[in-house]
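Colleague: Annotations per TrEMBL:
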{"type": "DOMAIN", "residues": "1-132", "note": "domain 'Cryptochrome/DNA photolyase FAD-binding'"}
{"type": "BINDING", "residues": "D35, A36, D37", "note": "FAD binding site"}
{"type": "REGION", "residues": "156-178", "note": "region 'Disordered'"}
{"type": "COMPBIAS", "residues": "156-168", "note": "compositional bias 'Basic and acidic residues'"}
Amino acid sequence: MHHLARHCVACFLTRGDLFVHWERGRDVFERLLIDADWAINNGNWLWLSCSSFFYQYNRIYSPTSFGKKYDPNGDYIRHFLPVLKDMPRQYIYEPWSAPLSIQTKANCIIGKDYPKPVVLHDSASKECKRKMGEAYALSKELDGVVNEDDLKILRRKLDEGKEQETKAKRSRNTSGLA
């Protein structure tokens, strides 16, 4: 797996979209990569999750624009995801945006032959940035010395933010704005 693809995956899983702990991704890479190296794997996951070494958590790889920039024809995707091999170039990185007629012609119906997106990148990355900002602000406020009680307070604060976001979504859904 190319190192830039590894970066994109690590960012998506951790600080970019899903906010999953970096060790979960590290463990999968350790198990599945044929060139896995314990030190490099751990260092990369710490760095790319912004858990250590790298503090610019607001710089997030986009799962779609990243591929468009480095592989505009989608050759990598077509090779490793044959179900998308006939998807037109303009939809290869966002096949769910293709009209049904194009999905049918490409023999790839989203939700049947290929999954729907796990998250919406724009909203997920904003939420991750907010959470990372809260964590970095706490670390700065406490001069990097964070104890278990501080982490409990931060978790509670992040959970409250998530509850407020859920309530706002429900409100938009019931008012017909979503």
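Positions of Cβ are set from backbone N, Cα and C atoms, glycine also.
Unlike curated records, TrEMBL annotations are generated automatically.
Describe the structural context of these features.
Modeller: With helix defined as DSSP H, G or I and strand as E or B, the domain 'Cryptochrome/DNA photolyase FAD-binding' (1-132) counts 75 helix, 2 strand, 55 coil.
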Colleague: Check the binding-site residues D35, D37 for other C-beta atoms within 10 angstroms of each C-beta and report the one with the most.
Modeller: D37
Colleague: Other residues with Cβ within 8 Å of the Cβ centroid of D35, A36, D37 at the FAD site?
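Modeller: Apart from D35, A36, D37, the close residues are L33, I34, W38, I40, N41.
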Colleague: Non-local Cβ contacts of A36 (FAD binding site) (under 8 Å, 6 or more apart, same chain)?
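Modeller: F29, E30 - these are the non-local Cβ neighbours of A36 (FAD binding site), listed in sequence order.
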